[in-house]
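As structure tokens, the structure follows; a few thoughts come after it.
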């Protein structure tokens, strides 16, 4: 379900067709919208911008992609059309450090445009305070990774974020040994692990929520995700990061808990205390 109209942009090369030289973006997109049981929202239309074309993410490319997502252009970077902006933007990338706000202006522009930003929490676990930027931003939905045993994946970074000690991640999703689309061929599959694999589960769930609730805002989506999580079978670690009791939710392991896409997309929104203070 690739949307061809203003649906692809590669800032560094201006390539005419979507391509993936290392497979990361293909795997992530498959989890969001893939067919044959791998995608959370298989009927969703997707667009993409190559901010990390060869596995390395430059600030120049990432900022160009932020602008593209706000007002998608053609492959040459011309003819922007803000009406073609997506409802949700998945960001399976981040820095090893935290407390860095260089991308915050781009995030706030997305929020102002009604685009819901989702970020991976980072792969520097299992220590406390290892959440990376921009996943530690108070203006995004940060996502941690769970494994098949309902524990936090050992690689999944934990909160709190360093500046105001907010709880991070906001929610969690499967991120260990995730099978999705591979880039080797049109029929390839591959298994990866990381919070990069967890975030697209949340982005796919948000696509379902917005489809069921047209016009849903960031705040509405956040509440629906947080109010419908699964926590009963989760196995938090002994460390109470940031002094937050891991037997209670939200905490700095799982956030509010592991998302439940079915419940989130079929439940009415009710208030929930936010772990962040989203900018309006």
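Cβ atoms are placed via backbone N, Cα and C, with glycine included.
Note: TrEMBL annotation is automatic and uncurated.
Here is what TrEMBL records for this protein:
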REGION    1-24  region 'Disordered'
DOMAIN    5-257  domain 'Peptidase S8/S53'
REGION    152-181  region 'Disordered'
REGION    260-280  region 'Disordered'
COMPBIAS  265-280  compositional bias 'Low complexity'
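Using DSSP to sort the residues of the region 'Disordered' (152-181) gives these counts of helix, strand and coil: 0 helix, 9 strand, 21 coil. When averaged over the domain 'Peptidase S8/S53' (5-257), pLDDT in the model lands at 96. Using DSSP to sort the residues of the region 'Disordered' (1-24) gives these counts of helix, strand and coil: 1 helix, 3 strand, 20 coil.
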